[in-house]
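Notes follow the structure.
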């Protein structure tokens, strides 16, 4: 049992991370950095995973690809990728190439950093991104991408105070965040990442880093150490409560006092139908995206009973305010999934937020399920994302209320008795 400031107790268990591989981050990162190419050194398993997970056919010529490791490569000191890189440059003309690791070459002890340095040129740098599922879950790989981009962020001079938002969001959400900051009188230095490689924000000793995703602690620490920047430790801008606190805390960093309680009240009123459905509902969050703590905090504020809020990894300093807001909730790091399964059977929550891997088994047991990955892919940040966020939670409850009673026999038809 771990103790954190504010008497929040975190139960740490010993399970493996039930999460997508870090390579899944390619799905949103290549779309965000439009002049990039993501190259994965991996196996046929990696290729099948990406094609199925991202739903991308090869003739679409997406800006990501896999250099396959074959049996013959096992006897080589290092894989040779010069021809692959030349082909990528000819077909896509990227400004930057990200070289991602995967499990098999990690086990083979491939020197990815040396390989990236060898392939890199001044015109087209090749940046190593550790993303192996042996070490990282799929959201942490975004942290690795931003980590690799830090040397390409210009150094902002001392005295030039501005905010840089950390985290990949779509352009509409980025525009909303920028407009809100400027309306409050906060100077915006940019976003890490920006949509183009040559537009990465200048970061210096008077830059305030405002993380908008809860899994970017490593890049924040790197910027603090190397640039002297300061990280905003606040709630994340999910839901009316988190968005209000986020903007009030950020404004305070710039010497601006704002009171956004009326704005928060209006946002809650917009989702009154959704909160009425959530009120009193028991919700269980299993570990997957590392977004679980702010999502659990929003659910609690919306009137739901959060039975358990678990996450693969919990950085206690980075998430201190979220943890404080969850006082009294069972918070678990690296949860034991078998224990969770038994607890869920016993507690019978009204909604289980879980990974794609475990969703169907829970449905088979008669539970209402929400895929946690959907929160990664939808615009749920800030004031503009409040309705989308609330709808993500209530949509499965809505759907179940319109369906006939669950027929377990349909799921088990033709299955051997031992499988029940």
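Any Cβ shown, glycine's included, is placed from N, Cα and C.
These features come from Swiss-Prot:
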BINDING   21, 46, 103  [4Fe-4S] cluster binding site
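Residues 22, 23, 40, 42, 43, 45, 49, 102, 104, 132, 133 surround the recorded [4Fe-4S] cluster site, their Cβ atoms falling within 8 Å of the Cβ centroid of 21, 46, 103, which are themselves excluded. When other Cβ atoms within 10 Å of the Cβ of residue 46 ([4Fe-4S] cluster binding site) are tallied across all protein chains shown, the result is 23. When Cβ atoms from all protein chains are considered, those within 10 Å of residue 103 ([4Fe-4S] cluster binding site) total 19, not counting its own. In this structure, residue 21 ([4Fe-4S] cluster binding site) is part of a beta strand by DSSP.
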